[in-house]
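Colleague: Annotation comment: TrEMBL describes Gly92, Val93, Thr94, Gly95, Thr96, Gly97, Lys98, Thr99 as ATP binding site. Positions annotated as compositional bias 'Acidic residues' by TrEMBL: 628-649. Residues annotated as compositional bias 'Basic residues' in TrEMBL: 653-664. Marked as domain 'Kinesin motor' by TrEMBL: 2-343. Residues or ranges marked as region 'Disordered' in TrEMBL: 435-461, 501-532, 604-668.
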Amino acid sequence: MSVRVVARIRPLLKLECAKDTIVEGSPAGAERPGSPTLVRIPNPKNESESFSFQFHGVYDQEATQQEIFEKEISPTVKHLFGGFDVTIFAYGVTGTGKTHTMRGGKSLADRGVIPRLLSAIYRRSRKIEKDSGGETSVEVAMSYYEIYNDRVYDLFEAPEKRTAAGLPIRDNGGKTVVVGLSERTCWTLKEFEQLYDQANVNRSTSATKVRHLVLDRLNAHSSRSHAIVCIKVTQTSPTQTRTSTVSAIDLAGSEDNRRTDNNKDRLVESASINKSLFVLAQCVEAISKKQSRIPYRESKMTRILSLGQNNGLTVMILNLAPVRAFHLDTLSSLNFANRTKKIEVNEVENEPVFRAANGPGGAKPGPAHVSGANIQRQPLRPLAAATNSNALPTIHENARKADKPVKQFSVYSDTRKPGRGSTVSAAGGAGAAARFQPGGNKRSLANGSGPFARPAKAIRPNADTAARGIRSAATAMAAAEPALSKDQLEALIERLVEEKLASKSAPSSSDAKRSTADAGAAAHQQLQIPPDLQRRLEALEHRVDETEDRSRKEGLQYLLLARQHAARGEDGAALRMYGLARPFFPGNEKLAGKMRALEERIGGGDEDETLAPAPVSRKLARAKKTCDDDDDQDGDYEDAADDDYEDDDGFRFKHKSAPRKRTAAKASSKPKVAVFRDEYDAEDADGAAVALLQAPRTPRTQHLLRVINSRDVAAIRNLRGVGAKKAEAIVNALCEAHHEEELITDLAQLGGLKGVGSKTVENMRAGILV
Ligand SMILES: Nc1ncnc2c1ncn2[C@@H]1O[C@H](COP(=O)(O)OP(=O)(O)OP(=O)(O)O)[C@@H](O)[C@H]1O
């Protein structure tokens with residue numbers, strides 16, 4: 001089965017002119033039954049000539065949200081409930097309508113793919129429950145995260161609660177999973193919508209002036225991250241449990257920085273977005289050229305996306321702008337999509353887990369896990385190289401009709417032509433490309449080992465992994481990967497860590513680069529995690545990321561999370577993570593002692609102690625000393641469960657219960673941005689607004705200005721007295737009044753912004769926790 005690629009051309013926006021329209025779509029429809037679905041665009045070098053690209057479906061400017069959903073997404077719901085994973089992603093240049101397609105607007109007609117998909121899932125769930133007379137139940141659980149600057153953040157977490165390094169990802173039996181990601185069960189559509197809306201506020205968006213887009217129009221909601229919604233559907237009957245997942249991905253759009261007014265922050269984000277999209281294009285190219293190495297691992301987005309493609313149905317929605325201003329970008333997107341549609345995916349049904357037989361005639365016994373270590377990564381393969389031997393029903397009726405190859409200009413598209421007799425033609429293979437094999441005829445996993453299959457790695461027994469640390473994992477990696485010596489590998493790891501650190505400490509980043517993610521980093525710095533510990537945490541995460549030994553990696557990831565939680569004073573969560581790590585380090589006394597200490601502390605409920613300033617600083621000093629003492633043992637995680645744990649307890653910071661100690665006036669249900677000490681408290685109490693606006697820049701003021709200058713709606717929204725609308729208004733006012741390079745330098749300037757005023761400034765500033 002191939003990736004199904006459909007193109008959607010968005011309507012003209014207010015400031016765009018009809019005469020500038022250059023992209024035309026020929027959708028399928030009653031008036032053109034069986035005709036190819038094409039997108040036409042002129043050759044930029046010779047406009048009398050045009051290029052045509054054929055896709056599995058084309059939707060022109062008139063297409064509605066409902067039409068796209070019904071034709072492209074609705075058919076996948078049946079397969080989701082049949083046990084197949086589904087991936088839907090929107091791809092396109094910034095401003096072409098990806099978010100509109102995936103999320104859409106608030107009105108019923110405007111709702112995008114994601115809310116409609118959930119609506120269909122709930123409808124089908126109710127039907128299954130009803131038809132089975134209540135014997136089968138369906139549970140829908142949601143997780144939602146973003147990849148921002150190549151770091152993964154849980155969108156159910158407010159930006160200021162994020163750790164700077166984000167969440168680690170790992171491979172688990174052929175699936176990429178995000179470690180520590182929260183999952184929420186949603187019993188109704190309404191529950192889902194509430195969670196989804198809340199989480200979207202946490203997504204990294206920003207106002208970006210995109211010159212070429214619509215004549216200096218302000219795009220206040222440009223997505224600066226790839227957002228991934230995962231919906232897990234679990235069907236439980238008396239005899240079996242079946243789980244499958246649909247992932248809906250709104251990719252950030254690529255943009256040409258020469259044509260935007262991006263400032264330094266935006267350039268960093270943009271570089272990260274462009275890099276991940278570039279890696280994605282490289283992966284697609286490598287697959288289509290049958291290269292043995294597909295660079296999935298070079299970006300987190302491709303690691304995550306590759307898995308979706310590998311294991312079920314994949315639908316790509318290519319979003320296009322119709323106007324000339326996007327000419328080259330559109331061609332580039334069309335070429336990318338043209339290659340993507342030739343990728344074949346080995347679909348694998350998630351097999352049910354059977355319950356034990358209850359007696360004669362009971363259910364088939366024995367587990368049939370598909371998510372365990374018995375699954376190998378299923379490689380993507382070029383479609384032309386595949387033999388689609390099982391001619392089975394298609395999932396898309398319109399695609400089945402389009403089986404006649406059409407002539408296609410190839411200047412910008414792949415030159416490789418499928419051989420005669422090949423199952424699917426590159427240009428006209430929509431029908432065969434969309435063929436889908438239900439469970440009984442699926443390819444076996446073992447057969448999935450095409451030319452790009454990776455050798456399966458045996459998981460070592462836990463006892464074997466207990467005494468090994470990251471350094472030995474690196475050695476193992478070096479041995480497994482003859483191209484890299486151990487030293488080279490070490491050097492590579494060090495370099496990556498150094499680069500990360502350097503980029504964090506660069507002066508240019510300290511002031512201006514405080515966007516959503518960095519608000520979390522700022523909060524941590526304010527929590528005074530010693531730089532050495534921070535460095536070790538990050539180095540550990542990198543090493544965990546690099547190491548290939550799944551078993552050890554999993555244990556280390558739990559350790560890492562435990563240490564991050566412990567560093568934030570979240571003892572309960574730290575204990576849970578240590579508990580999860582324990583099976584990977586059996587018999588380790590230090591780890592057991594660590595857990596006992598945490599249990600005692602939690603059981604004792606000694607909140608006062610965690611708040612007491614003296615022990616905190618004493619512990620910090622001790623921890624700092626320990627860090628200094630054994631700094632160069634950093635990489636020696638062989639004794640992960642022996643030596644390095646020694647320090648963990650040393651880091652106790654303000655406990656979550658700290659707000660209880662604050663006065664009622666200061667207590668607020670809203671999350672606080674950061675913790676500061678500041679000599680201007682008295683002014684807050686007086687409410688002396690004018691004095692405040694003239695006050696010199698205190699750390700608190702500096703922080704406020706940093707948040708404002710980030711122009712990050714999500715971060716600004718977390719300031720006291722600022723709701724979503726006000727945050728947007730502030731960003732709009734900033735963008736209207738100031739060029740992107742210009743920063744707000746004092747409170748008076750901030751108070752002078754349209755719709756802000758001294759009271760708002762005072763309120764926002766007072767809300768920064770002291
Ligand atoms: N099909 C459509 N119908 C009406 N308006 C649309 C459509 N597609 C996009 N738009 C409008 O175009 C603008 C840009 O769309 P959107 O923000 O979805 O683009 P995007 O590709 O997600 O951009 P970015 O990558 O910067 O986030 C929005 O104002 C949106 O409402």
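The backbone N, Cα and C atoms fix where each Cβ goes, glycine too.
No curator has checked TrEMBL annotations; they are predicted automatically.
Help me see these features in their spatial surroundings.
Modeller: In the shown protein chains, 24 other C-beta atoms lie within 10 A of the C-beta of Thr94 (ATP binding site).
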Colleague: Inside 10 Å of the Cβ of Thr96 (ATP binding site), count up the other Cβ atoms and send me the figure.
Modeller: 25
Colleague: Measure the Cβ-based neighbour count of Gly97 (ATP binding site), defined as the other Cβ atoms within 10 Å of its Cβ.
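Modeller: Excluding its own Cβ, the number within 10 Å is 22.
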Colleague: Setting Gly92, Val93, Thr94, Gly95, Thr96, Gly97, Lys98, Thr99 aside, what same-chain residues sit with their Cβ within 8 Å of the center of the Cβ atoms that define the ATP site, listed in sequence order?
Modeller: Arg10, Ala90, Gly253, Asn319, Ala321
Colleague: In the three-state scheme derived from DSSP, which category covers Thr99 (ATP binding site)?
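Modeller: DSSP call for Thr99 (ATP binding site): helix.
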